[in-house]
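K.L.:
Before I ask anything, here is the structure I am working with.
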């Protein structure tokens, strides 16, 4: 087993092969897997290796997938394909052996049909297979239970050329014929025996087996899901009981209409799965017993409340019957799945202590320590643990209390943002660095790419982490000053921010818990202001930041900040590092190294979109001072023009004109002489 290396993450101009093997009895699962992939990816060529799918199914799928630039191939296996092999085993047992017989591409991603994909697959396809036959994720269950270093065969990146040239299918069929009755895990055992010490390891998130999360310290970025979720046979999400985490993710993709799948989404977010309205109440009953006092009455009296009923043992028929109600979920036999219980606790605002028999574990104490209420009847209460107790002969009283709990308005919390003046004064007084968060960064945090930066889960996680930080004398964290007083801005700006906050205010309130933030608008101090008279003072303070200082400007290829104006005339000297105008995050390490080589004691100014936030933060940890002041050049140009609206600049990048079209670069020897590194051309 070797460690993986990545190829260049270039844009794909060819199809990438995904292989699924199944019988038609699993067509609903195949459909769900395909929907999950095309929700986040384009230019995927699907090969469904099968022996019984109707032609009409493929005709229907071809029509749907063609609109998404994703063809599908009916890779049908029949007796003629295996006639040259001496075996008495049905070929349906080892359909995936035939990948190289159908796939035209050099590599193929094989996926079981009990899998959903929640992100762009580019990182997996970028793995360099070299001379290795396949890439896979280590099977943590095999390691924990049997001490075996094996891979799970549900996700395989296959070197198709290698398989074809070495007749891997023939060799695997021969081994299967000889050993099939001596192995415990069918073709997974055969594949591990055959490829022992010849496979490359892929990280756990790319085959996140729901039952194996207990054995891994991996946690997805907050608000997101693992890139590839794999549901094991005994606890499938399409069965009646909830017996694994991420069940709701499978049902989200299963329920997607094809009309819902338009532009690819970088990553599935919890908000997408749970919906915009997360105000509904949920409660948990955790029980050994099927005797739950007044449970039918409570469920019917509270149709807007969701009841999670869970048991560490297999539930009995009286519990199963409760699934007739749309506001009930049942989790059976979950004793060995702590992650599922934790998930149910997190979803529930209330614990109902209404079960006969013993309390399960310390569930009451766990809810109380989380600050969540526990309601009990006087005949079912388990000890005196701070429960709110209601009369068993009048369950309506408990219903009223639960309704009141659901109607309670959450405490209003305001996000405090300093004014532009206050923020600039802080930078001048403290000598702090600064990072600024705007609508583009929130889009990336929410799982969507923006015109000049593709979605990247690592970037998204880092942005979210920084947005939650408190400012200090070394680094000021800034937000857009739009949570109050929108009347300060132009009508267009007001409308934009109202729409933005309609979608993302809850995200800001969840993430941004620092006592105060600086203003992102320190570098946007003109065009969106209704009253533009203070702008001259703002620019004067900005210029004080670099007056008589040596500067290192880190910017995109088209930015050309300060070219053609006097914005940086007060600086002692200027050096520039030129970076890609798009997807600069892919060059982050190279950019940091270039900064180290040329920074000396210079003040670093960054104009590099979302990448600038991470760059500044990392540089501050290394002892540099850096200011993220993107868009400052466009704002200053408009200020000098006295513009009343956003005018496109002909000779360089213009804020909000994100595609950099029709730029006529002017020769500027001073600008050219300042460039000490050009990473945009590497």
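Cβ atoms here come from the backbone N, Cα and C positions, even for glycine.
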K.L.:
Which one, 40, 212, 230, is listed by Swiss-Prot in the same Mn(2+) site as 112, 114?
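P.N.:
As annotated by Swiss-Prot, 112, 114 share the Mn(2+) site with 230, chosen from 40, 212, 230.
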K.L.:
Based on Cα coordinates, which of the following binding-site residues are within 10 Å of residue 114 (Mn(2+) binding site): 21, 23, 25, 234?
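P.N.:
Passing the 10 Å Cα cut: none.
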K.L.:
Hey, for the Mn(2+) site built from 112, 114, 230, who else sits with CB inside 8 A of the CB center?
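P.N.:
Here the nearby residues are 111, 113, 115, 154, 155, 231, 232.
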K.L.:
Look at the binding-site residues 23, 25 and tell me which residue has the greatest number of other C-beta atoms within 10 angstroms of its C-beta.
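P.N.:
It comes out as 23.
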K.L.:
Provide the three-state secondary structure of residue 114 (Mn(2+) binding site) computed with DSSP.
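P.N.:
DSSP assigns residue 114 (Mn(2+) binding site) to coil.
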K.L.:
Going by a 10 angstroms cut-off between Cβ atoms, which of the binding-site residues 114, 234 has the sparsest surroundings?
P.N.:
234
K.L.:
Long-range neighbours only, meaning 6 or more apart in sequence with Cβ under 8 Å: which ones does residue 21 (UDP binding site) have?
P.N.:
48, 49, 50, 95, 96, 110, 112, 113
K.L.:
With H, G and I counted as helix, E and B as strand and the rest as coil, say where DSSP puts residue 21 (UDP binding site).
P.N.:
strand
